[in-house]
C-alpha cells in the first residue's frame, strides 16, 4: 500500500499490528521531549528574572506617568500669582474642578451606580472639595514655604491610615523617610522670615489629612468593574466642584472679571492641572502601592521652587540644594518595596 494512494485498504481491526508492550500511544511525543505547552528549550521559566525585569519596567513606567501629576501641580503657584486675579482662591478651585469634571462625564458617558454615588461624593469632597479650600487658606495665611512643608506631611498621613483602612503593617521605614521628605521640602522652601499663624497651620495640616484620607480610601475602594480612571476622575471632580459651588459664593461673593491671561490660567488649571493629572493620579493609586504614590507628592513643592528660581528670580542656595537631595532621596526610598514583601517575592 502506498501512503499517497488516496484509498483505504480493506483491513480488519484485528489484523492491525499492535505496538509492543510499554510503548507510548500513537501520536505521543518521543521519549525525553518536553510536555505540551511547555516553553521552548532555553527560554526563561515563568517568574524568572526575565519576567521580573519586565514587571519592574512596567512599574517604573507607571510610576513615572503618575509622577506627572504632582509635577504639573507644582506649576499652580506660578500660574496663580502671575495669571489669575488675586483674592479669589476658592473660585480658582471651583473652576479647576467642576468644568473638568463635567467634561470627563461627557467624554465617558458613565455615571456611578449603587453605592458608588456615595463613594464618589465622599472621595470628591476629600480629594477636591475640602482639600482645595484648606490648601488655599494655608497659602494665604502662611508663607508659601510653610504651607508646602505642612502639605508634605501627607505621605506620613497615608502611611498611618494604611494600617486601619488597608490592613497594612505600620512601616517605620516609610515614616522615617516621610520625615526626611518633610525636612527636605522645608529646607527648600522655608525662608528665614517665615512666620506661623494658628489658623494657617491648622488649614495646612487639615489639607494634608483630608487628601491623605482621600488617597487611602481611593485605594481601598478601587474602581467599579468596567470603569476607567477618567470616569472615576470625572465623578470626583464633579462632586468636589458641586461642593465648592455654594462655598465659593458664600465666602467670596461674585466671581472676578476674567481677561485673556486669567482664562489661560484657568484652562491650564482645569484641563491639565485637573482633568489630565487627576486621571493619571487615580490610575497610579489603583495600580501602585499607595504609600509610594503619596510620597510622589513631594515633587510638587520642588517643581514650584525650581519655577520660582527660573521665572520669578528666586534663589536656590546650598541649603536649598541639600533639601532637594533629601526630598529626592525620600521619593526614591518610597518606591522601594518593603523587605518582607521583597523576601516573599524572591521565594515564590
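Even glycines carry a Cβ here, placed using N, Cα and C.
Those TrEMBL annotations? Automatic predictions, nothing curated.
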Match it up for me: which of 40-59, 120-139 does TrEMBL list as transmembrane segment?
120-139
At an 8 Å Cβ cut-off, counting only pairs 6 or more apart in sequence, do the transmembrane segment (198-218) and the transmembrane segment (61-79) clear the bar of 3 or more pairs?
no
Could you check whether the transmembrane segment (175-192) and the transmembrane segment (263-281) come into contact, where contact means at least 3 Cβ pairs under 8 Å with the two residues of each pair 6 or more apart in sequence?
no
So what's near the transmembrane segment (318-337) in sequence-distant terms, Cβ-Cβ under 8 Å and 6+ beyond its ends?
63, 152, 155, 173-174, 177-178, 180-181, 183-189, 289, 291-292, 294-296, 298-299, 302, 305, 345
Under 8 Å between C-beta atoms and at least six residues away from its ends: which parts of the chain pack against the transmembrane segment (263-281)?
65-66, 68-70, 72-73, 75-76, 79-80, 82-84, 92, 95-97, 99-101, 103-104, 127, 229-230, 233, 236-237, 293
